[in-house]
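For reference, the structure is listed below as structure tokens.
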């Protein structure tokens, strides 16, 4: 009879209704790193590091770049004859110059403060070229004879288009005294130069006067130049050299020019009609007839990601450059799908695995939820409220990171002349240091956010578990794997009340108490039965062993193998 009662109790336990709390799992192989772990597989992740570009030069926010092709900035501004296509240029978003353009200073020489001029251009979007001293106004000097084979055009000697190389006329070079008043509302970029002859013979041949000077003055400039006559190696067939200068003439200011030889006078100036964010970018790429918000020398980036690793020099609304190769942000949960387990031959049916043992691939409509089983069947149901709150929280966090990083950011290369190499090296070291720090900060940010996200999901599952536990109290048993086993019958309506937080504890408490006491009694009685059987088995085994030893002794005495003496 006792065995029958025990069997019925076990059968009733097997058929007990259950509800489990768990989380979503899928076939994702996405992995993220956290502060504590590496290569954590998650259900969902978002890559926040852009690694691709289109390999083209594009318009920036609809404004075309000024691509100088084979011309340098100096060749463009002075008017190298091979750069005639850039005589008048429209508004530009940025300037593109090759690393070693063929059409630079056709007549050999230097451009004074060239790097500073390029820096100035990085804040300008449009020039308007205007004539300030007409070439025809030099009646006492030869204004058309100043040409060179070093600057050919259509097979003939020519010269820079925007300046005039003044030569003596009728064996005389009268002293020049000219001034120009800037009546425009905009600043003017004005260029001029000086010729350094190869020897004294060339000096008098071109300028008549053996000793000459050039004087240039504005409200902020006071310059006096003298030619440096010296024998030099030929470059582009020329032993002479030219040195060019520039200044910014403010509105209502005047520039005063005075010279008695070797003067390369300004004819055209550039009116700065629009200032703004620009850049001079070194690139060999061609124009791609495309539009972008972010341009690099390697190509355009069209991405909403907060970081990129394409090139440290950029122009436009660009992600932050980092040296990392991988930055992946966790948006989902740890992905640990439930493993199938073999059913044991005896014992209770294993509960559906909850958040301790693994996730559920069967729950596809939410991140957290329930699995129930009763006489009416079984099934999964997502907890929509906690899932939606979690989705909103993670989405807001990702968007916040992207918005913070996707700001107007320009990082263009700085150029230094030969006398500033130590400064250039120091600048590179500082920039490399900044990039290292920024890369470290970005990687640390991702690791910390991933740790917080996964902890956030774990906390949400625990909160859902506690919500059920506080409702059921002693009406159900905690199985230790995210599941509860009811001490009472719980149909679908009862299950739904647990899920939505309206479970009526008093309604089921009496039935649960009776079943709980019955199960406890069965356990105690079965334990006593097992103890009696154990004692009986021990005594019986000992008695059987004693009988076997006595029988063996009598047999050995009878055949003489053992001597028996009775005293």
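Using N, Cα and C of the backbone, Cβ positions are placed for all residues, glycine too.
Listed features, source Swiss-Prot:
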type     : residues : note
SIGNAL   : 1-16     : signal peptide
TOPO_DOM : 17-531   : topological domain 'Extracellular'
CARBOHYD : 26       : N-linked glycosylation site
CARBOHYD : 27       : N-linked glycosylation site
CARBOHYD : 39       : N-linked glycosylation site
DISULFID : 58-290   : disulfide bond
DISULFID : 71-83    : disulfide bond
DISULFID : 106-151  : disulfide bond
CARBOHYD : 181      : N-linked glycosylation site
DISULFID : 294-318  : disulfide bond
CARBOHYD : 302      : N-linked glycosylation site
DISULFID : 490-494  : disulfide bond
CARBOHYD : 500      : N-linked glycosylation site
TRANSMEM : 532-552  : transmembrane segment
TOPO_DOM : 553-567  : topological domain 'Cytoplasmic'
LIPID    : 557      : S-palmitoyl cysteine
LIPID    : 564      : S-palmitoyl cysteine
LIPID    : 567      : S-palmitoyl cysteine
When distances run from the Cα of residue 27 (N-linked glycosylation site) to each of the recorded positions 58, 290, 294, 302, 490, the nearest one: 302
Candidate recorded positions 151, 181, 290, pick with smallest Cα gap to residue 490 (disulfide bond): 290
Candidates 290, 318, 494: member of the disulfide-bonded residues with the richest Cβ shell (10 Å): 318
Packing count at residue 294 (disulfide bond) (other Cβ atoms within 10 Å of its Cβ): 22
Most Cβ neighbours inside 10 Å, all chains, among the glycosylation sites 26, 27, 39, 500: 26
DSSP three-state assignment for residue 500 (N-linked glycosylation site): helix
Cβ neighbour count (within 10 Å, all chains shown) around residue 181 (N-linked glycosylation site): 13
Entry from the disulfide-bonded residues list 58, 71, 83, 151, 490 having the most other CB atoms no farther than 10 A: 490
Candidate with sparsest Cβ neighbourhood (10 Å radius) among 106, 302, the listed recorded positions: 302
Of the recorded positions listed as 26, 71, 500, the one whose CA lies nearest the CA of residue 106 (disulfide bond): 71
Among 26, 151, 181, 318, which are recorded as recorded positions, the nearest neighbour of residue 83 (disulfide bond) by Cα: 151
Cα distance (Å, whole number) from residue 71 (disulfide bond) to residue 151 (disulfide bond): 13
Cα separation, residue 26 (N-linked glycosylation site) to residue 318 (disulfide bond) (Å, whole number): 34
Conformational class of residue 494 (disulfide bond) under the three-state DSSP mapping: helix
Spatial separation of residue 26 (N-linked glycosylation site) from residue 302 (N-linked glycosylation site) - C-alpha basis, Å: 31
For residue 83 (disulfide bond): DSSP state (helix, strand, coil): helix
